[in-house]
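Colleague: This is the structure I want to talk about, given as structure tokens.
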Ligand SMILES: [Zn+2]
Ligand SMILES: [Zn+2]
């Protein structure tokens, strides 16, 4: 499965490009995992043959230069400020350009903006747009599987840098980038990539500091190498930290998580749980106060007329994800609570029998249920006498306001003392009093609801017509 779509004869100016995934089998994931061979694991004996030397050198020489510079090149404020600014410029080239524009098509960018983003992204020295987006699309399509090039299940450091330093054990899953192969700016950047990384990775940051305030060495060491070191690990955090730290407010099927620390480290890519659920949304953070400068940048470009068609997932669908996760948490809480005995598990007792039995132990009827209050006689806030005078009696009216309008908590507690149901004791008009307040609203799975359309008896004979 070629990662680069083949160009055929150009007819309309641009070549016809066949999507990479047009002919894959329906069971592609299982098929690929079974049939595409996996290289043997890396061991101490074969580690040197399995290092990806170009990535290894880029990722080690850059920080080495920066560390050397810290001890040998005077640190100047102007160069520091420029380094930070250039960190944001090249970082946004990745987040707003490579990631949200090209990998996810979350908005449209005008040509001038595309060129700026392509050049800024090249300055981050993370591979060409086409290579980067192809890997990232596979990451989204096969998240947490062996077809995901930065599979988070292989550990924090593997997803951070290991996948680049060591030769992959298997090819990433197929992902179509035929749209990018048609894009003239993406093609231009791919063609001139080496020139662009040298120019915008090192030459430009050095020259600005050199011509600007005479700090050539500082420009090279801090705005070039040091800044690059930061921008690299900032992006890498999206594959490692964002799949490891934080909450899953939208879905917990896979590893992506939301966390403000990741957002701060990645120019706003830290709301990664949201992002994996709604990857074509131009936002990562959906709340105004959350840190997502990439979103602000794209929105700003729209205001300037340089970007358009910013995609936003329907709020209604976003809420469904949030609600599902909240219900899941509530269900866990609900399952951890002890509830009143189920009515069906309780004996049905006649009034006569109830009265006979209440001679031997303190039984009181409230709302059709028989309660044994023996453990509660001395705990009753209103005093023992109010209970004892109702033994063998129906205290429904007294309980619900006749003597004292008990709190919901009192009603919940009372329900725990249920020992039986009074035969014919459920009087009309009392329906909701039979059910303790804590059990009136409950979290239930679809197949636990008797009226569910998914209950098998609800299916028709299958002859209905669809609505037009
Ligand atoms: Zn991810
Ligand atoms: Zn993404």
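Glycine too: its Cβ is placed from the backbone N, Cα and C atoms.
Automatic, uncurated: that is what TrEMBL annotation is.
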Colleague: Which range is it, out of 16-37, 148-169, 170-191, 192-213, that shows up in TrEMBL as transmembrane segment?
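Modeller: So the range that TrEMBL calls transmembrane segment is 192-213.
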Colleague: Where does the mean pLDDT land for the domain 'Cytochrome b5 heme-binding' (341-423)?
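Modeller: The predicted confidence over the domain 'Cytochrome b5 heme-binding' (341-423), as a mean pLDDT, is 93.
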Colleague: Six or more residues out from either end of the transmembrane segment (80-101), which same-chain residues have a Cβ under 8 Å from its Cβ atoms?
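Modeller: Hits for the transmembrane segment (80-101): 107, 109, 114, 116-124, 126, 129, 132-133, 136, 200, 205, 208-209, 212, 219, 222-223, 226-228, 230-231, 234-235, 238, 266-269, 282, 293-294, 297-298, 301.
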